[in-house]
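Novice: Take a look at this one; I'll ask things after.
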Amino acid sequence: MKQKYFSGTSVIIGKPNVGKSTIINKLINSKISIVSKKKHTTQSNITGIMNIGLQHQLIYIDTPGISKKYVYKNQNKTFRNTMALMHSIQFIFLILEKTSWTNEDEYILNIVKKYLKPIFAIINKIDKIKSKEHLLPHILTLSKKHMFQEIIPISGKTGENIHILSKVIQNKLKIVPKPTFPFDLKTNLDIKSIVSEIIREKLILYLGDELPYSIQVSTKNIIDRNIKTSYIEAVISVNNTQHKKIIIGCKGKKIKLCGSLARKALEKFFNKSIYLSLKVIKKNKTL
């Protein structure tokens, strides 16, 4: 008998800082997306894959936070990339924060409901709700906003009810002729992209609000010197000289510390010693 496969793709949508990246990391039980308190940390769509057995493949796509101001400022580039996904995905996760409903949430709902896809209202950060008695009235309020497929309260941070969300989606997967991705993959990111994200996370962690939104990290080379050691060369691109000074710091102290944090994280990821070279350049400058 021919093997049956079940697959489905869910796009994770919401305003900035509602915990989208934390949720995708929990859903696939692996850290592939940067988590930070800084708004607009996620710069592009990131795909995570959760394989259950050898038949079920749950695909999740983390997206940059949506806000009216950010969509306008970026001339819709990242926004268009996110909306382009809507034609090929099966489910939409609208991520909401605790028991609030804002104009931004309304704005996003009005955008995504036009695509006529099943929308799940995911109430995140329930670990921060002091009294769970406030949840039921909020769920009733949400049910009047739209005919949501499901309204599911979760905590991306603690993992509460993540298994319920995963199970609900698993039960709604469709039969497909073959898996979308190989069953040994957790993400569609290549190794250089993962390294770049690890470095960018440490820059965000250390520099915080000092860090320009426009920063980009590109991994140029990963060279295995031997079984126990690798050399990694990465470039941090910024818009202007002032941004370059912020990242480098006085006598190079900031970039050295960021490099040390990134190196330790990379050594943990690769389980080997890492020699990390970081260069900070202005965009459009060739090395």
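A Cβ is built for glycine as well, from the same backbone N, Cα and C atoms used for every other residue.
Swiss-Prot lists these features:
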- 6-178: domain 'Era-type G' (DOMAIN)
- 14-21: region 'G1' (REGION)
- 14-21, 62-66, 124-127: GTP binding site (BINDING)
- 40-44: region 'G2' (REGION)
- 62-65: region 'G3' (REGION)
- 124-127: region 'G4' (REGION)
- 207-282: domain 'KH type-2' (DOMAIN)
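Where in this structure would I find these features, and how exposed are they?
Specialist: For the region 'G1' (14-21), the list of distant contacts is 33-35, 37, 39-42, 46, 62-63, 65-67, 70, 93-97, 102, 104-105, 108, 124-125, 156-157: same-chain residues at least six beyond its ends, Cβ to Cβ under 8 Å.
Taking Cβ-Cβ distances under 8 Å and a sequence separation of 6 or more, the neighbours of Ile126 (GTP binding site) in its chain are Lys98, Lys132, Leu135, Pro153, Ile154, Ser155, Glu160, Asn161.
Sorting each residue of the region 'G2' (40-44) by its DSSP state yields 0 helix, 0 strand, 5 coil.
Confidence in the region 'G3' (62-65), given as mean pLDDT, stands at 92.
Sequence-distant contacts of the region 'G4' (124-127) (same chain, at least 6 residues past either end, Cβ-Cβ under 8 Å): 18-19, 22-23, 95-98, 135, 153-158, 160-161.
Across the domain 'KH type-2' (207-282), DSSP classifies residues as 33 helix, 31 strand, 12 coil.
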Novice: Other than its close neighbours in sequence, what residues sit by the region 'G2' (40-44), given a CB gap under 8 Å and a spacing of at least six beyond its ends?
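Specialist: Counting only partners 6 or more residues beyond its ends, the region 'G2' (40-44) has Cβ contacts under 8 Å with 16, 20-21, 33-34, 62-65, 70, 78, 81, 204, 213, 216.
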Novice: By the count of other Cβ atoms within 10 Å, pick out the sparsest of the binding-site residues Gly14, Asn17, Lys20, Thr63, Ile66.
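Specialist: Least crowded of the binding-site residues Gly14, Asn17, Lys20, Thr63, Ile66, by Cβ count within 10 Å, is Asn17.
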Novice: With H, G and I counted as helix, E and B as strand and the rest as coil, say where DSSP puts Lys20 (GTP binding site).
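Specialist: Where Lys20 (GTP binding site) sits, the three-state DSSP reduction gives helix.
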Novice: Using DSSP and three states only, what is Gly14 (GTP binding site)?
Specialist: coil
